[in-house]
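Peer 1: So Swiss-Prot has the following annotated:
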type     : residues               : note
ACT_SITE : H116                   : active site, proton donor
BINDING  : S102, N118, T119, R120 : substrate binding site
BINDING  : H106, H116, H149, H179 : divalent metal cation binding site
REGION   : 244-279                : region 'Important for dimerization'
SITE     : H179                   : site 'Important for dimerization'
Amino acid sequence: MKIENKEIASNWFTDLRDLLCKEFEKIEEEYAQTKGLKPAKFVRTSWQRNGGGGGIMSLMKGEVFEKVGVNISTVFGEFSPEFRSEIPGAELDGKFFATGISLVAHLKSPLIPAMHFNTRYIETSKSWFGGGGDLTPFYPKENETAKFHAAFKEACDKYDSSYYPKFKKQCDEYFYLKHRKEPRGVGGIFYDYLNSGNFEQDFAFTQDVGRALLSVYPEIVRSKLFLPWTTEQKEYQLIRRGRYVEFNLLYDRGTKFGLMTDGNVEAILMSLPPEVKFN
């Protein structure tokens with residue numbers, strides 16, 4: 001029996017979740033061993049959506065990762081009439097299917113960048129992939145930013161040389177706080193409504209975006225795992241985290257999509273940092 005595109009995409013997002021959680025737990029173990037501490041582990045919580053589907057939220061609060069969440073979800077049903085006009089292909093009957101993975105990491109150390117990543121596959125009367133990854137350092141380092149971008153550029157160039165400059169630009173434009181006239185972090189890539197007419201190619205690209213993240217971000221975290229930091233640096237991190245909150249509540253499409261489709265509120269707002277200061 002032929003496996004549907006929906007199932008192919010959903011299975012990959014589950015596999016990627018397992019790979020990411022395993023790698024992040026390994027980092028916690030490496031740190032805990034040197035400090036004589038018990039390493040943190042992910043706690044998984046399942047949820048069901050009224051109307052169809054559900055997901056699993058994986059959350060870890062450790063000594064390295066102050067809060068890291070990896071969500072997978074597969075939901076289906078009908079958009080509300082007022083939301084249909086905003087989604088391509090949903091105008092007529094409002095029916096949709098959406099599966100994806102979403103990851104947000106907030107680190108205890110203010111020297112280690114926060115990171116956001118997601119990839120998804122959506123079907124209405126049309127179908128497409130979307131997603132990307134972006135880095136939010138509080139103390140940016142050029143070599144670190146370059147390494148993060150290089151990983152995604154390599155994934156993009158494998159498929160289309162126009163992808164990286166286009167998706168980088170879309171990331172810069174998307175992760176921008178208009179009310180403050182400043183970017184959120186140092187960017188990465190962001191793509192949406194990707195349908196080249198070749199599902200296998202678009203799916204393979206989306207897989208490689210996930211693998212790129214898996215190759216580069218743990219390396220960045222490990223490079224600063226044991227660097228000392230000051231209370232002043234931590235204070236600055238907490239204040240800058242406020243920008244993260246502002247963006248996610250005011251502009252984030254995933255937050256809006258989740259709330260409009262009656263998703264799990266805890267999973268949707270998992271992206272918010274555990275501690276933040278507004279001065």
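Every residue, even glycine, has its Cβ placed from backbone N, Cα and C.
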Peer 1: Just to be sure I understand, if DSSP states are collapsed into helix, strand and coil, how many residues of the region 'Important for dimerization' (244-279) fall in each?
Peer 2: 22 helix, 0 strand, 14 coil
Peer 1: Far apart in sequence but close in space: which same-chain residues, 6 or more away, have a Cβ under 8 Å from T119 (substrate binding site)?
Peer 2: F13, L16, G100, I101, F129, G130, G131, G132, T206, V209, G210
Peer 1: For H149 (divalent metal cation binding site), what is the secondary structure state per DSSP, taken as helix, strand or coil?
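Peer 2: Its secondary structure by DSSP: helix.
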Peer 1: Determine the Cβ neighbour count for H106 (divalent metal cation binding site): the number of other Cβ atoms within 10 Å of its Cβ.
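Peer 2: Counting Cβ neighbours of H106 (divalent metal cation binding site) within 10 Å gives 25.
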Peer 1: If you measure from the C-alpha of H116 (active site, proton donor), which of the binding-site residues S102, H106, H149, H179 fall inside 10 Å?
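Peer 2: Within 10 Å Cα-Cα: S102, H106.
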Peer 1: For the region 'Important for dimerization' (244-279), provide the mean pLDDT of the predicted model.
Peer 2: 87
Peer 1: I need to check the long-range neighbours of the region 'Important for dimerization' (244-279): which residues 6 or more away from its ends have a CB within less than 8 Å of a CB in the stretch?
Peer 2: 45, 47, 49-51, 54-55, 57, 59, 61, 66-67, 69, 71, 73, 75, 77, 79-80, 83, 96, 98, 102, 104, 106, 114, 116, 118, 136, 174-175, 177-180, 184, 192, 235, 238
Peer 1: I'd like to confirm something. Which of the binding-site residues, S102, N118, R120, has a Cα closest to the Cα of H149 (divalent metal cation binding site)?
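Peer 2: So, spelling it out, the nearest of the binding-site residues is N118.
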Peer 1: If you count other CB atoms within 10 A of each CB, which of H116, R120, H149, H179 wins among these recorded positions?
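Peer 2: Per the Cβ count, the most surrounded site is H116.
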